[in-house]
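Positions annotated as domain 'Peptidase M50' by TrEMBL: 137-214. The feature transmembrane segment is assigned by TrEMBL to 99-118, 124-147, 168-187, 193-214, 221-240, 284-303, 323-340.
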Amino acid sequence: MDFLSFNDKTFVIDENTSKIVNTLKNNNFNFEKSLNYLNSNYYNNLSRIELDAYLNNLFESTLKKPKSNKLNKILILGNPSKFNWYNPLTKLFSFNNSLNYLIIGVIFLINILALNYIQNADATIMNVSMLTNNIFYFVGLIALLFWHELGHIVAAKKHKLKIKEIGIGISFIFPVLYVDLNNIWILPKEKRTLINLGGIYFQLLFSLILIMLFEIFSFKVFVDLFSLNFSIILINMIPIFKFDGYWLLSDATGILNLSNKSNKSIKSFSTFNFKDLKKEKPLVLIYSMCRLLFYSYLFYLLIKMTKYLYFNLSIELIKNILTSRYFTIIISLLTLKFLLNYGKRIFKKEDGVI
């Protein structure tokens, strides 16, 4: 198995494809020289027409207009590889893999114990305006998100993985910081696992900082940020979503494209195509069943909420929903999502088509 970078993406390729691509690269894409070398070392009578057909078939899908990305990039902050100020933090990954996992596990247990302590401790509400209080929460959330992505960057730096960019984007309707880790597949599984764990690791360390700040100032804002941070850690670890937990599970099982294979299994199950199900790995089937149960539970919660709204609907309830802070945030994010998509359609031209 080898890797091929093309159109800013990394693909897993077989040995045969690797031989052809590397031969072309070594001969500066001189097809005649490459063809002679391939026939002398690997093949008998490979013709130029056959070689062209093979390459066209290989790159056909990547040359097509790409599907819309679930992440809408708003602002590229820069190339982390060009900065060195975070180099001292790479020492946090200086231990062997087993010790790194042990340290992360111990800090996670400390966070669980701290969660119970900090939620039952006496907290003081800051004597400031609501605007100032909301600014504290906003700055804390931004720091949390930045710290998570910094964990991935530092881990990647430690394992000499080049990161092309870090930026701000919109995933679904939520603002996120993102790190381009497309080339992570060129690394061994152990290093990929630590890079994927880097964000959670740094969030766990961020929680320890919040605990210390709470011990010093006793402000409730630190309790809320600690709870929010821990909730994000848990959500990140759920392998149903394509967050860190998903990539950790994919690496642990050695199954590439786990989500796509799961989708096919669910489709086979829903159409009673048991013949295809028997061909799939047991781990994929177990993962698919867990996804079905998880989404069924979410559907149940949606029905329950709809039922509650139906039997308790009133002018007062509608007023409370429309004037709530959460409703305002969701509407604002949906508006931003619409403007981004509309802006792309107007200003981004591809192949002469708006």
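Cβ from N, Cα, C; glycine included.
No curator has checked TrEMBL annotations; they are predicted automatically.
Summarised by DSSP class, the composition of the domain 'Peptidase M50' (137-214) is 53 helix, 12 strand, 13 coil. Within the chain, the transmembrane segment (99-118) has long-range Cβ neighbours (under 8 A, six or more residues past its boundaries) at 93, 194, 197, 200-201, 204-205, 207-208, 211, 214, 222-223, 226-227, 230, 233. Remote same-chain residues near the transmembrane segment (193-214) are listed as 92-93, 97, 100, 104, 107-108, 110-111, 114, 118, 121, 123, 143-144, 147-156, 158-159, 161, 181, 184, 187, 222-223, 225-226, 229-230, 232-233, 236-237, 244, 247-248, 251-252 (criterion: CB distance under 8 Å, separation of at least six residues from the stretch ends). Per-residue pLDDT, averaged along the domain 'Peptidase M50' (137-214), amounts to 87 for this model.
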